[in-house]
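Colleague: OK, Swiss-Prot features for this one:
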- 1-24: signal peptide (SIGNAL)
- C27-C151: disulfide bond (DISULFID)
- C48-C89: disulfide bond (DISULFID)
- N62: N-linked glycosylation site (CARBOHYD)
- C70-C123: disulfide bond (DISULFID)
Amino acid sequence: MGLTSQLLPPLFFLLACAGNFVHGHKCDITLQEIIKTLNSLTEQKTLCTKLTITDILAASKNTTEKETFCRAATVLRQFYSHHEKDTRCLGATAQQFHRHKQLIRFLKRLDRNLWGLAGLNSCPVKEANQSTLENFLERLKTIMREKYSKCSS
């Protein structure tokens, strides 16, 4: 019995430390993946990046960070679901078609990572200002870089 009571405090300490390490490590990995995806997306110049998207980032002053990430994921999902087979985005050449498919794949990856970071099941998105997908992704990249600098320091 005495041995068990002596082992409990160190075990709790190890569990607490491991949980903090994993959480911080996950934060870094997820943010790195999001930033990497955003870098790839913003380098691409496709027909779809000039189309408009609901700009939830412009009106995110009274929302939590998790709500912002959730809403960003929601509008990205709405965008790629609507434009996945959009003939304006597919282009006339095989290269344009390939770039469009790559864009959709990156948007889906970004959506999945933002949902994971948000940790919410759903979030309402009100119609707000419109922005091009290109500008939306640039602003989201700035937000993620700021979060990464805070997370890693």
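Just so you know, glycine gets a Cβ as well, placed from its N, Cα and C.
Mind mapping these onto the model and telling me what they sit next to?
Modeller: Under the three-state DSSP scheme, C151 (disulfide bond) falls in the helix class.
Under DSSP, C48 (disulfide bond) is assigned to a helix (H, G or I) in the three-state scheme.
DSSP assigns N62 (N-linked glycosylation site) to coil in the three-state reduction, placing it in neither a helix nor a strand.
Taking a C-beta cut-off of under 8 Å and a sequence gap of six or more, C70 (disulfide bond) has these contacts in its own chain: L114, W115, A118, L120, S122, C123. Mapped onto three states, the DSSP output places C70 (disulfide bond) in helix.
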Colleague: Check each residue in the chain of C89 (disulfide bond) that is at least six apart in sequence and keep those whose C-beta is under 8 Å from its C-beta; list them in sequence order.
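Modeller: Counting only residues 6 or more apart in sequence, the Cβ neighbours of C89 (disulfide bond) under 8 Å are T46, L47, C48, L51, H83, H100, L103.
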Colleague: Near N62 (N-linked glycosylation site), how many other Cβ atoms are within 10 Å of its Cβ?
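Modeller: I count 6 other Cβ atoms within 10 Å of it.
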Colleague: Counting Cβ atoms within 10 Å across all protein chains shown, which of the disulfide-bonded residues C48, C123, C151 comes out on top?
Modeller: C48
